[in-house]
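*Asks:* Dropping the structure in here first, questions after.
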Amino acid sequence: MAQQEISCGLDYTIAPDLQACLTEALHANYAFIVSQIVHPRFRLSSLPSGNTVGGFTRSDMILSPQDWNSRVVGRVSGYLDPDSPSPIVQKRHEDSLNEELAYCRGLGLPAVMLSLHSRKSNNLARILQTYFETSHHPTLIWTSVPMVCHRTMRSCDEDNSNEEAWNEPWYWWTKFHECMGWDKRIGVVLEVSADLPSKDVINRWLGEPVKAIVLPTSLFHNNKKGYPVLSRAHQQVVVSMVERDAQVIVSGARRSNIVYYLQYLYRLWKRRPYVVDDPMLSYARGWEDFLQTPLQPLADNLDTHTYNVFEKDPVKYDQYQKAIAQALSDLQMKRKEDMKIQEEDSAVVTNVKEIIPGKNGIVDNDRPFTVMVLGAGRGPLVRATLNAADITNCKVKVIAVEKNPCAVVVLAAQVREVWRDRDVTVIPGDMRQINLSPKADIIVSELLGSWGDNELSPECLDGAAGLLRPGGISIPREYKSYVAPICSPRLWAAARAASPGNAQQIEKNLETLWVVYMQNKHNIAETKPVFTFEHPSEGIKNQDGQEVTDYRGLKVTDNRRSTTVTWEVKQDNVMHGFGGYFDCVLYGKEMLSIVPDTHSPGMISWFPVFIPIRTPLRVQKGDTISATFWRCVNSRRVWYEWIVEVNNHTTPLHNPNGRSSEMLL
């Protein structure tokens, strides 16, 4: 979750007096320090068994347990390389690393920092897996990597291509993280360099679980007043990382008073580009990257709290009101045109023995328009309809259909107390099972989910098609779902651990759609459409081309869908799943959208969905990602299935027969 204040630590390369260093940092208002676990004065002398001779570091009594548990990040010796090509060195370093990790376990440190030096980290991953299995204290592992590999940079000078140098540390990290099973207890610490990579490389790091960034004091330069400041490009990197929960570690030689660095970072964070008045940012604060199970309002009745949250949306109902007003205006215009045609066609009028308004083909200019609000909830769309009627100076008869008994009570109370002078009727029941007369000129509903149709709007509105007169208007008129392949180890690990259990439960978690305000993620490719639904919908036809109807005379529709979407990969990455979005045409030009490029400003009613894949896929620049999605329907439920192909690698089919997630009809 995004932090509201920046958290800064101070790195001590050498700490002769650890207590004095911690005191200095805390007095300067730093939150923690980073220090070597093994004091440079001590020398590790290992026996073949791996046991050390004598003490190898300082006593834990120099600090209080509270300091060890919350204010010190321990750094293991930087020279340790348990994946060394030399078997002798490998064993010696493995023993030393185990000794230092065991001491960290005894201290109860909140985090342990270690460094990666290459793509070879299998043995390191094995050691840390053992450490996690045997440690009961919730210690995090911070994996430190440089932003650029200078060794690779030197080898690339001849062909003037340094792209590999910026990619190499990312490979170190992702190979290691993959070996660790994308464990959420593993994070990366990024050492920011003086030269910065391209925007694409930085954005890719923003999708990784960056726990901290290291800012060497050499990156700061003094302003006219002598205080340390960062370049504009480095400022943007710092703000972007901290917005995704990264902490900041100041390291290196003291080129200025340590307080000045912290004060500057505080000021930088407070004056960051931030739209305070954006309702979405305010509403989503604290919910970043927090997975939620999608609502099923058809199967389950919503509670008062849920209604209350959604009714606060400052944009959604305003858009609905504009759409209803436009629909009423168009109906008024059509009625006037029909009246004009009727007056001109005097022959029709004279041949009618008895002129009855609304019958015999005679247009009733005084008849109110019937607007049915399907799934009225506690009445926000009823209010929008009444407001639209006032704006357009139309007479309306509003019929509110709602199946939730608690919401019906609220609607009935508002009819008595608020709308007593208006023509509003409440009909309790399922919109798919009731039959009302007269038919509606307009039906209005808000049945959309975060992926468009995932709250069964198509089935509900098709079942209620008999409530709409021929030529009537449906609001919404059309909606589409969208997906984009994303990299997000944090979301994938959160989905995997969402419902603790055995391997079967973990598999189910990774075959489920999750509603989440995604922040710590990176889009691998652009967003593309998946499924489209229109209302009133077209019915299926038989072999003779005739529409098939049910026992009520309503068109039989088929809401099954399947589609294949492809993307070309522009940058080496790891794919963990998809981000899912939707947009909706209410009526005319009035729209709602949560697609990133067209998001309705300030709308808070929907977070996107995260659609995971069971095993993350490593993709290379130039690869083609091909994803096929199915929307499956039977008599009692709806579910999605999906499969992904990258070159010659194909994932298993996800959620076959709705075994892990489904929407009940």
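Backbone N, Cα and C define each Cβ position, glycine as well.
Positions annotated as active site, proton donor/acceptor by TrEMBL: GLU446, GLU455. The S-adenosyl-L-methionine binding site annotation in TrEMBL covers TYR307, LYS316, TYR317, GLU402, ASP430, MET431. Here TrEMBL flags 29-270 as domain 'PRMT5 TIM barrel'. The domain 'PRMT5 arginine-N-methyltransferase' annotation in TrEMBL covers 283-475. Here TrEMBL flags 478-662 as domain 'PRMT5 oligomerisation'. As annotated by TrEMBL, site 'Critical for specifying symmetric addition of methyl groups' applies to PHE310.
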*Asks:* Roughly how many Å lie between the Cα atoms of ASP430 (S-adenosyl-L-methionine binding site) and GLU446 (active site, proton donor/acceptor), rounded to a whole value?
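*Replies:* Per the Cα atoms, ASP430 (S-adenosyl-L-methionine binding site) and GLU446 (active site, proton donor/acceptor) stand 15 Å apart.
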*Asks:* Which whole-number mean pLDDT does the model give the domain 'PRMT5 TIM barrel' (29-270)?
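*Replies:* Per the prediction, mean pLDDT sits at 87 for the domain 'PRMT5 TIM barrel' (29-270).
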*Asks:* Rank the recorded positions GLU402, ASP430, GLU455 by the number of other Cβ atoms within 10 Å of each Cβ and report the first-ranked residue.
*Replies:* GLU402
*Asks:* Suppose we draw a 10 Å sphere around the Cβ of TYR317 (S-adenosyl-L-methionine binding site). How many other Cβ atoms does it contain, all chains included?
*Replies:* 19
*Asks:* Do me a favour and check the Cα-Cα span between TYR317 (S-adenosyl-L-methionine binding site) and GLU446 (active site, proton donor/acceptor); whole Å is fine.
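*Replies:* With distance taken Cα to Cα, GLU446 (active site, proton donor/acceptor) is 10 Å from TYR317 (S-adenosyl-L-methionine binding site).
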*Asks:* Quick check on the recorded positions PHE310, MET431: which one has the highest count of other Cβ atoms within 10 Å of its Cβ?
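*Replies:* Going through PHE310, MET431 one by one, the largest Cβ count within 10 Å is at MET431.
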*Asks:* Take the Cβ of LYS316 (S-adenosyl-L-methionine binding site) and count every other Cβ within 10 Å, whichever protein chain it belongs to.
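*Replies:* There are 23 such Cβ atoms around LYS316 (S-adenosyl-L-methionine binding site).
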*Asks:* Expressed to the nearest Å, what is the distance separating PHE310 (site 'Critical for specifying symmetric addition of methyl groups') and LYS316 (S-adenosyl-L-methionine binding site) at their Cα atoms?
*Replies:* 9
*Asks:* Give me the CA-CA distance between GLU455 (active site, proton donor/acceptor) and GLU446 (active site, proton donor/acceptor), in Å, as a whole number.
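*Replies:* Computed Cα spacing between GLU455 (active site, proton donor/acceptor) and GLU446 (active site, proton donor/acceptor) is 10 Å.
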*Asks:* These are the recorded positions: TYR307, GLU446. Which one scores highest on other Cβ atoms within 10 Å?
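*Replies:* For the recorded positions TYR307, GLU446, the Cβ with the most other Cβ atoms within 10 Å is GLU446.
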*Asks:* Fill in the CA-CA distance, GLU402 (S-adenosyl-L-methionine binding site) to GLU446 (active site, proton donor/acceptor), as an integer in Å.
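*Replies:* One finds 12 Å between the Cα atoms of these residues.
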*Asks:* For S-adenosyl-L-methionine, with binders TYR307, LYS316, TYR317, GLU402, ASP430, MET431, what's the maximum Cα separation in whole Å?
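*Replies:* Largest Cα to Cα distance for the S-adenosyl-L-methionine-binding set is 24 Å.
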